[in-house]
Structures are given as C-alpha cells and as structure tokens.
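Trainee: Annotation comment: TrEMBL describes 1-16 as signal peptide. The feature region 'Disordered' is assigned by TrEMBL to 184-208. Per TrEMBL, the feature compositional bias 'Basic residues' maps to 191-206. The domain 'Peptidase S53' feature in TrEMBL is assigned to 228-620. Annotation comment: TrEMBL describes Asp579, Ile580, Gly598, Asp600 as Ca(2+) binding site.
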Amino acid sequence: MRVITIFVAALSAVRASHVLHERREGPVHASWRQGERVEADAIIPMRIGLKQTNLEAGVERLNAVSHPDSEQYGKHLSAEEVNDLFAPSQHSIESVRDWLIQSGINETAIAHSDNRGWIAADVPAGIAEDIFRAQLYEYESVKTGSVRIGCHEYRLPAHLVEHIDYVTPGVKMSAVLKKRAKRSQSWGDHSHHRGPYWKPTRHGQPPHHYPPGWPGDLPEDVRYCGGNITPACWRYLYKLPFPHINDSVNAAGLFEQGDYFAQSDISMYFHDPNNGGGSDRDIDVLTSLIYPQSVVVYQVDDANYAQQEIARYKLFNTFLDAIDGSYCNYTAYGITGDSPGIDPTYPDPAPNGYKGQRQCGAYKLTRVISIGYGESELDFPKNYVLRQCNEFMKLSLQGHTILITSGGFGFGSGPGDPTPSGCLGPLENVFNSIYPNGCPWVTSVGSTMLGPNQTVNEPESALQMDVYEPGLPEAFNQWRRFHDPGYPNYVANADASNLGANGGRYNRAGRGWPDISANGAYVPYFVNGEEDTESSSTIAAPIVASVITLINQQRTIAGKGPVGFINPALYNNPWMLNDITNGSNANCQSDGFKAVQGWDPVTGLGTPNYPKMLKYFMSLP
C-alpha cells in the first residue's frame with residue numbers, strides 16, 4: 001500500500017509540473033468534422049518546434065535599416081546574415097531532447113532538422129498523449145474525406161515552456177493521413193477559387209454613357225476617370241512619369257494564386273485600356289505603369305491545389321519556399337517548413353499533379369512584391385501566421401518592399417468566412433481581421449475612388465462599394481504590447497467620434513491598417529475575352545508597387561539601394577502623401593470609420609504623391 005501511495009504521489013507531482021501550452025479557442029473550421037479518438041498503438045509523427053531566438057534583435061535591426069533618422073538606413077542584410085541572426089539556441093535543443101529521452105523515447109528514434117529548429121519522433125499515439133497530457137482525435141474533411149489528427153489542448157513541463165513554441169499534432173492538426181479524394185482537373189471551373197479570396201465588386205461592362213459632369217479642359221484620356229479609370233488616370237492623379245528604364249535589378253513582382261496568365265486578355269487590355277482589361281488585372285496595371293521595366297509573376301501550386309480549398313484558405317508557404325530556400329526547413333513558433341494539411345504537399349500524387357520536389361530557393365524575390373491575397377486570421381493557427389510574419393520581417397531586413405492588399409469587405413472577411421457577411425459573432429457584428437495585414441512588417445494598401453460624376457481634379461474618397469479596408473488584427477496584439485513598431489494604434493490615433501456605430505466591436509490593441517491607398521475603382525478588364533469592370537483594393541497594391549519601383553530605379557541610377565520597408569518613412573513623413581478626408585466604410589452592422597485628416601483605418605495615410613515621395617527618398621542614403 002505504501003508503494004502505491006508513493007507511486008501515485010510521484011505521478012501527481014509529474015502531472016502538476018505540466019502547464020497548459022495551447023488550447024483551441026472555439027470549434028475547428030467547419031470544413032473538418034471531429035471523429036474518434038486515435039488508437040493508442042497507432043504510430044503518429046510527433047514534431048516539436050523550438051522557439052526562435054533573436055526576435056528582439058531582428059526588430060531592432062529592421063527599424064535601424066528602415067527608419068529615415070537612423071544612421072544605418074538602407075544598410076540591408078544579406079540572406080546569410082539574416083539566417084545567422086535567427087539561429088536557434090543549442091540550450092533549447094538539448095533541454096527538449098533530454099526530456100524526451102527521460103520520458104522513455106529511445107534516443108535513436110529522435111531526429112533533428114538540419115537547421116536545428118525541429119525535433120521529431122514517430123511514436124505511438126498513447127505515448128504522445130501521455131507526454132503532452134492530451135487527447136488525440138481524428139478529423140475528417142467534409143469535402144475530400146481526408147483525415148488529420150489533432151487535439152483541443154496540450155500541456156508541457158513548466159521548465160520547457162521557454163524552449164517550445166509549438167507541437168504537432170496538436171491544436172494545429174497533423175498532415176493528411178490518407179490520399180486526397182479526386183478533384184476536378186478543369187481549369188475553367190472557378191467554383192472553388194479564382195484570384196483573391198475576397199471577391200471584388202464587379203460592375204458588368206464598362207459604362208459607355210459618360211457622366212454629365214463637364215470635364216473642363218482635361219486631356220481626352222483622363223476626362224472620364226470617375227467611371228472608367230485607366231493608366232492615364234493614375235498617372236494624372238499621382239503625378240507619375242512615363243517610364244523609360246529597364247534595369248536588371250528593379251523588376252517588380254506579383255504574387256498570383258488560383259488565377260492564371262492569359263496573354264490574349266493582356267493584349268486586349270493594352271490595345272484599348274478604356275474598354276477592357278486583363279483577367280490578370282495586376283499584370284495589366286503594373287506593366288502599364290512601369291514598362292519597359294519587367295514584371296515577374298510568382299505563380300504557385302499545380303492545378304489540383306489551385307482548384308481546391310487550399311488555394312483559398314492556405315497562403316504563402318509555397319511562395320516563401322520558392323524565394324527563400326531556408327524557409328523550407330525554417331522553424332519559428334514551433335513550425336518547421338510547410339504545414340501539411342494547410343499547405344500544398346509535393347510531389348502531388350493526384351492525377352496531373354506536379355511530381356517534382358518543392359522548389360526551395362529556386363527563384364529570387366524582386367525588390368518590390370505586390371500580393372493581392374489574404375484570409376481571416378481565424379482561419380489559421382496563431383503560430384502559423386506569426387511564423388509567416390517572421391519571414392516577412394526577414395525579407396524586409398534584406399531590402400524588400402512587401403505590399404499587401406487590405407481586403408474587400410470592410411470589417412469583415414469574404415462572404416461565408418465564417419458567416420454570410422464575413423463578420424464574427426452570433427449577430428455578425430464583430431469585426432473580422434484579415435491576415436497578413438496585421439503583420440507589422442508589411443505595407444497594407446487600401447483603396448480609394450472617384451465618383452461617376454467626378455474628375456481627376458477633384459478629391460478622391462474612400463472606396464464605397466462594399467469594398468472597404470479597415471482592420472485591427474488579433475494575432476499580433478500580445479506581441480505588440482512589448483514591441484511597438486510605431487504604427488497607429490487606432491484608439492491612440494483617432495478621436496472618439498470616429499469609432500464606428502455603437503463604438504465598434506473590435507480589439508483596440510491591434511496595429512491599424514491600411515498604411516497607404518490608391519484608386520482601385522471602375523477598372524476595366526477582360527476575362528476569357530469578355531469585358532467587365534471591377535473595384536477592389538487588390539488593384540491598388542500594384543499601383544503603389546509601381547510608385548516604389550519607379551523610385552527604386554532613380555535610387556539605382558544614383559548608386560543607392562532600394563527603399564525596402566517603407567512604413568517608418570511614411571509615418572514620419574505623411575506630408576508626401578495625398579490625405580483622403582472623404583467617405584467612410586460599413587459592414588458588420590456598423591456605419592464604420594470615416595476618412596479623416598491624418599491617418600484613418602479606411603485609407604491609411606493617403607494616396608501617393610510621386611514627386612514628393614521621390615524627392616524625399618532620394619534625399620536618404
């Protein structure tokens with residue numbers, strides 16, 4: 001009896017030493033259905049990610065090379081220097097490894113990734129449950145029938161909390177455990193996804209009856225920009241020059257997913273941009289504003305993945321693999337490499353799938369990259385988005401400008417994510433933040449418009465066509481409390497009269513966005529030869545990308561490097577932007593925010609004024 005008492009006491013002491021590390025808040029995504037407990041003798045791939053080191057140093061270095069008042073401005077790091085800066089701690093590796101061995105796992109069964117950030121062991125599910133004080137369940141996809149495993153919560157020994165970021169299978173579920181169901185191979189079927197996840201406002205064919213307002217003595221090609229905006233309109237609004245440079249270092253980049261290049265549509269747009277555009281609108285816009293400078297399109301994933309839910313809900317990791325080889329095996333927040341079940345897996349065993357390996361570091365990232373995709377933060381595990389945000393910081397440290405479109409449905413995500421309005425809460429009145437806009441190391445781009453009866457000589461307004469861009473993110477709030485990058489916290493940067501109806505339902509601790517805006521209303525384009533017009537912030541990001549590319553060209557001629565991460569310069573010099581003070585946004589049963597003097601969560605700091613921006617950035621080293 002005494003022996004039993006001692007054993008129970010010892011076991012209680014061990015269990016008491018474990019503390020809650022991660023818990024799922026709310027149910028799993030609606031696309032997954034919880035099933036039975038995993039059998040105790042089933043072998044599962046246990047993966048433990050170690051905490052990233054030197055985050056503080058990374059933040060400090062980025063501020064140093066990006067803040068215009070810093071003596072280190074423009075002295076960006078090489079890829080090798082960035083990798084060395086974030087090397088994981090040997091102490092963390094040894095602490096976790098020793099714990100696993102003491103827990104009964106054979107030392108020879110424990111593997112360690114080349115970058116030292118990931119510890120792995122294939123163990124029976126029962127042992128994993130005991131080690132992490134968890135209950136593992138099967139989860140079946142309601143669409144494909146594929147199965148993953150995960151848990152609602154898990155615990156870690158208290159002394160290891162400082163060393164471990166993330167465990168899988170856990171709150172982030174495991175890789176898919178059986179072959180995916182067959183999917184349609186038709187590229188013409190857009191029922192799953194085409195282009196950005198948020199569907200922009202489309203207006204049918206371009207208006208051929210022009211507004212009654214007299215355009216005065218404006219040149220013919222900019223007389224009707226309020227109802228049919230073209231490259232000539234953007235040049236007039238933002239005082240952009242006609243470019244003539246095509247150098248070897250300033251190609252501009254576009255990230256594209258689920259929407260594919262069609263030269264015929266591009267040609268139709270360039271033949272007559274007043275009456276059509278391209279299905280690849282981003283290419284149309286960016287090329288027309290920087291040509292003859294080249295444009296690089298980063299098209300990711302094969303037809304199988306592009307046509308299924310993974311193209312809509314799973315973002316960026318394949319792209320980050322391709323431009324940064326170290327990211328394929330990079331560990332941060334407990335995740336190493338891509339996340340199977342969230343990210344595409346290659347070789348793809350499906351018919352007509354890409355049979356090669358991931359292209360790790362196969363492509364060089366352009367100095368400026370425009371990304372017109374995003375998703376509700378709630379669709380991803382918190383550590384998943386934090387890890388990607390960390391990669392954006394690494395790219396910014398190397399001098400890249402990362403422009404993210406701010407979204408298309410005001411306070412909400414896209415319709416159906418997770419409610420019909422894209423808003424949160426049982427009453428659909430809680431704001432829904434769009435990732436990756438909340439990441440502090442990207443530049444969020446909102447959208448403005450001219451009304452149908454306005455000319456280019458009149459002030460722009462916030463885009464008001466169910467296409468709005470305010471945001472106050474959730475995932476980065478705790479981090480922000482200790483690492484304020486100097487961007488607007490909405491409550492601290494706006495008066496109480498602009499809080500939205502009923503005060504607005506959102507987390508007031510988040511980083512405000514967008515940072516900058518551009519006109520994305522009534523843009524003509526073609527899809528499969530059929531003309532249409534569109535209004536969306538996805539169009540605004542390539543416009544800002546063209547501005548930064550043109551500035552980088554001039555800095556290159558002067559023997560200077562790229563501007564890189566532009567937010568510190570923008571917020572310290574808002575005078576070089578056109579402040580937008582007209583319009584507002586609405587969604588989530590709220591009247592929304594107003595565009596006011598200074599920064600606001602509708603249009604940010606305003607729209608580009610190229611001559612002012614060029615003069616300022618040319619004055620920097």
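Keep in mind that glycine also has a Cβ here, set from the backbone N, Cα and C atoms.
Note that TrEMBL annotation is computational and uncurated.
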Trainee: Suppose the Ca(2+) site is Asp579, Ile580, Gly598, Asp600. Which further residues of the same chain have a Cβ inside 8 angstroms of that site's Cβ centroid?
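Mentor: Filtered neighbour residues, in order: Thr581, Ala595, Val596, Gln597, Trp599, Thr603, Gly604, Leu605, Gly606.
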Trainee: Ranked by the number of other Cβ atoms within 10 Å of their own Cβ, which of the binding-site residues Asp579, Asp600 ranks first?
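Mentor: For the binding-site residues Asp579, Asp600, the Cβ with the most other Cβ atoms within 10 Å is Asp600.
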Trainee: Taking the domain 'Peptidase S53' (228-620) alone, what is its mean pLDDT?
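Mentor: Averaged over the domain 'Peptidase S53' (228-620), per-residue pLDDT gives 73.
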Trainee: Just to be sure I understand the packing, how many Cβ atoms besides its own are within 10 Å of the Cβ of Ile580 (Ca(2+) binding site)?
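Mentor: Looking across every protein chain shown, the total is 24.
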Trainee: Would you mind pulling the DSSP three-state label for Asp600 (Ca(2+) binding site)?
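Mentor: Reduced to three states, the DSSP call for Asp600 (Ca(2+) binding site) is strand.
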Trainee: Tell me whether Ile580 (Ca(2+) binding site) sits in a helix, a strand or coil according to DSSP.
Mentor: coil
